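Features reported for this protein in TrEMBL:
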type     : residues : note
DOMAIN   : 12-418   : domain 'Amino acid transporter transmembrane'
TRANSMEM : 40-68    : transmembrane segment
TRANSMEM : 96-116   : transmembrane segment
TRANSMEM : 136-153  : transmembrane segment
TRANSMEM : 165-186  : transmembrane segment
TRANSMEM : 206-224  : transmembrane segment
TRANSMEM : 245-265  : transmembrane segment
TRANSMEM : 285-309  : transmembrane segment
TRANSMEM : 337-357  : transmembrane segment
TRANSMEM : 363-381  : transmembrane segment
TRANSMEM : 393-416  : transmembrane segment
Amino acid sequence: MDAGALFVLKSKGSWVHCGYHLTTSIVGPPLLSLPFAFTLLGWAGGVVSLAAAALVTFYSYNLLSLVLEHYDQMGRRQLRFRDMANQILGPRWARYYVGPIQFMVCYGAVVAGTLIGGQCMKAIYVLSNPQGTLKLYVFVTIFGCFMLILAQIPSFHSLRHINLASLLLCLAYSACAAAAAVHIGISSSKPKEYSLPGDSTEGRLFGMFNAIAIIATAYGNGMIPEIQATVAAPVKGKMLKGLCVCYAVILATFFSVGISGYWAFGDLAQGLVLSNFVDNGRPIVPRWFVLMTNGFTMLQISAVAVVYLQPTNEVLEGTFGDPKSKQFSARNVVPRVLSRSLSVVVATVIAAMLPFFGDINAIIGAFGFIPLDFILPVVFYNMTFKPSKRSLVFWLNSSIAVVFSAIGAVAAVAAVRQMSLDAKTYRLFANV
């Protein structure tokens, strides 16, 4: 094995640890964008899309796990997404499609996570010091410095305790967000509007597909093979147990936040629902409650960002590390610290320059998460197990691949269109 697989993807974990990693990689602050997605879909479209995405991703992730178990039983365990693509689709698909898309998705999630962390820090600062003059990019930089420390954690398996804390934190801030939304919805006398935005059918249609891309990002993972690689042999059945842990948390968080946030704020729900808890600089709910919720979110997003940094760390370790030397020898520690620090610095600079989380979310979902999490798992399963063309499994998988390929194509166009429409409001290092 190369240094990346040997040092970063250590196979020492249990199914419980797998559940922690899965939950942290899926249940993160993008779920706070779900009320905004509902504004583009309406009640029926929002609930149906949220439920359909849950069913399809659980099914797809389980199929991917079955393919990985199959190769493990054959003595050819696949540790990375690109290894699977190389085995099933061929080296060109792995090198020029799956590998680059996974890198874009995971590194994009690090950029988005750094941005959200900075936004949460700024929200805490503004509430504590309303006359303060510090800009958003200052807080993004501070959060990036914190990420510099977390990035040096040596392996994916080493994150298991951090990811347990992350699981508890996502439950905490989701409960806070839902409770605050219900409180505001009951106490507010303002009439709520649930009409779809847009002056034309075309605008509403593109808005719907943009919302689907946001939901895909919320459910996205993009590194199921790398997570399963952390599980100690034998791997059979462990991933399914981990998925059950993860989706129990998803049911408790996604639906409560999405439905309560849209019910409370209607079509005024913002890109992050926490922004709705402050009106003209004044918190609508108790100040300490908003501070606590932002604190929970900021801490959890640091765990999410460091999890999504692992595929990058694995590539860097494989490129600059020496598998023949010890993991903590000077030969490996020096290039590890330098390369990981540089990757975090670049992500922090991008987050500070382009602080537009909603549009980033949609772009990542359309171009990355939909292919990796909705389409490729069913393709891999059909090509590996070759079910009969008369079987229900074959046609279900083929239908998922076709439908989500079409949705992904339109969502990509919608995401790019929305970014072009919003481009006139963009400024580098904007204080949003």
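Including glycine, each Cβ sits where the backbone N, Cα and C put it.
Contact between the transmembrane segment (337-357) and the transmembrane segment (96-116) is supported by 3 or more Cβ pairs under 8 Å, counting only residues 6 or more apart in sequence. Most Cβ pairs within less than 8 Å of the transmembrane segment (136-153), among stretches 96-116, 165-186, 363-381, 393-416, belong to 96-116. Scored by C-beta pairs under 8 angstroms, the transmembrane segment (165-186) has its highest count with 285-309, from the stretches 96-116, 206-224, 285-309, 363-381, 393-416. Counting same-chain residues at least six beyond the ends of the transmembrane segment (206-224), those with a Cβ under 8 angstroms from any Cβ of the stretch are 22, 25-26, 30-31, 33-34, 36-41, 45-46, 49-50, 53-54, 57, 61, 64-65, 68, 81, 102, 105-106, 109, 196-198, 239, 250, 254, 308, 310-311, 358, 361-366, 368-370, 372-374, 377, 407, 410-415, 417-418.
Of the candidate ranges 40-68, 363-381, 393-416, 40-68 contributes the most Cβ pairs within a distance under 8 Å of the transmembrane segment (245-265). Long-range neighbours of the transmembrane segment (363-381) within the same chain, counting only residues 6 or more positions beyond its ends whose Cβ lies under 8 Å from a Cβ of the stretch, are 56-57, 60-61, 63-64, 66-67, 81, 84-85, 88-89, 98, 101-102, 104-105, 108-109, 112, 212-217, 219-222, 224, 387, 393, 396-398, 400-401, 404-405, 407-408, 411-412, 414-416, 419. Residues 56, 59-60, 63, 206-207, 209-210, 212-213, 216, 359, 362-363, 365-367, 370-371, 374-375, 378-379, 381-382, 387 of the same chain, all 6+ positions outside the transmembrane segment (393-416), place their C-beta atoms under 8 angstroms from a C-beta of that stretch.
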